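Since the structure comes first, as structure tokens, the remarks are kept for the end.
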Amino acid sequence: MAPLSYETIYWIDLPICILSAIVNFLIFVAYIYFRDLRIYNFRLVFYLAISELLTCTGKKYLAFMLPWWQSYEMCIAQAIILNFSGLSSILWTSVISFTIYRSVVLEKKDGWKYEMYYLLYAFGIPLSMNFLPMLTNSFGEAEGWCWITIEGGSFIRTFLGGNLWRIINYIAPLWLIIFFNFVMYLRTLAKIRRMIDNVTDEDLRKNMLYNRLKLYPLMLLICHLPVTVHRVLGFFDIVDPDNVWLTSLLASFFIILSGFLNAVVYGLTDRVKQELQKLMLATSSDSSEDISFITSSEGDENGRGSTYTI
């Protein structure tokens with residue numbers, strides 16, 4: 001890919017990357033600053049925001065796209081960070097979907113008991129997966145940005161020299177999680193639908209978790225479909241390397257957009273907005289009911305983190 005194409009991708013993606021970084025950093029600061037938000041549900045969003053911030057850092061601040069930033073060391077750093085953060089953010093969406101399912105459908109309110117296992121799952125697995133491409137020295141330039149490079153030659157050589165790691169580190173987990181999330185949310189939506197059948201207040205219906213849940217799996221699907229197509233084209237070497245910048249642009253843009261949408265839909269709930277408004281206005285206000293993923297909890301449950309969602 002020509003340097004001009006890298007630079008074009010960089011500048012087109014930069015605004016949405018900055019916006020994504022700001023929103024995810026806002027969630028990060030909100031969790032640290034507001035004691036009332038340090039509950040189990042918001043901690044999951046906090047962990048997701050950390051992964052998305054790493055993606056923004058890897059995509060832009062360690063990017064090798066601009067000619068004067070290009071170096072082998074920066075490229076490897078970007079590849080390692082993106083390989084970790086990309087998989088981690090996907091896994092955290094599955095933790096959130098499973099938590100909502102357990103709380104709504106199974107009526108289990110003890111998700112905080114398994115938080116350590118979730119941390120090992122969504123941070124530990126991506127960290128350990130980083131070592132696989134290192135075994136074959138496969139981190140490097142990869143059609144648009146640094147990730148897992150592919151060796152030239154026969155199909156078997158390209159498969160073992162990069163494509164295998166791409167499948168294991170990203171493509172296979174992504175689509176397994178997409179399927180898992182759809183199943184979890186469909187079951188949850190069915191339960192919520194039965195719960196609100198007798199509700200006549202249209203305003204309540206609009207603010208229900210039911211409407212927000214519809215967005216969660218679709219965001220993951222829409223935002224990661226372009227990068228999947230982009231990597232499949234690279235897998236079969238369909239696109240001329242000199243003309244791959246267009247699919248690289250779309251893939252890169254939607255990956256960053258995913259981080260922004262995750263922060264807005266998962267994190268910027270009514271409860272979070274209320275805390276921010278209290279800070280800005282420096283006045284106390286009555287709490288209103290926030291029927292969303294993040295809700296308040298009382299007593300001893302607040303320290304550990306409640307999983308009440310409705």
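Glycine too: its Cβ is placed from the backbone N, Cα and C atoms.
Per TrEMBL, the features are as follows:
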{"type": "DOMAIN", "residues": "6-270", "note": "domain 'G-protein coupled receptors family 2 profile 2'"}
{"type": "TRANSMEM", "residues": "12-34", "note": "transmembrane segment"}
{"type": "DOMAIN", "residues": "23-266", "note": "domain 'G-protein coupled receptors family 1 profile'"}
{"type": "TRANSMEM", "residues": "46-68", "note": "transmembrane segment"}
{"type": "TRANSMEM", "residues": "80-104", "note": "transmembrane segment"}
{"type": "TRANSMEM", "residues": "116-135", "note": "transmembrane segment"}
{"type": "TRANSMEM", "residues": "167-186", "note": "transmembrane segment"}
{"type": "TRANSMEM", "residues": "215-233", "note": "transmembrane segment"}
{"type": "TRANSMEM", "residues": "245-268", "note": "transmembrane segment"}
CB contact flag for the transmembrane segment (245-268) and the transmembrane segment (167-186), at least three pairs under 8 A: no
Residues of the parent chain within Cβ reach of the transmembrane segment (80-104), under 8 Å, 6 or more residues beyond its termini: 41, 44-45, 47-48, 51-52, 54-55, 57-59, 62, 111, 118, 121-123, 125-127, 129-130, 133, 139, 145-148, 169-170, 173-174, 177, 180-181, 184-185, 187-188, 191-192, 209, 213, 216-217, 220, 224, 255, 258-259, 262, 266, 293, 307-310
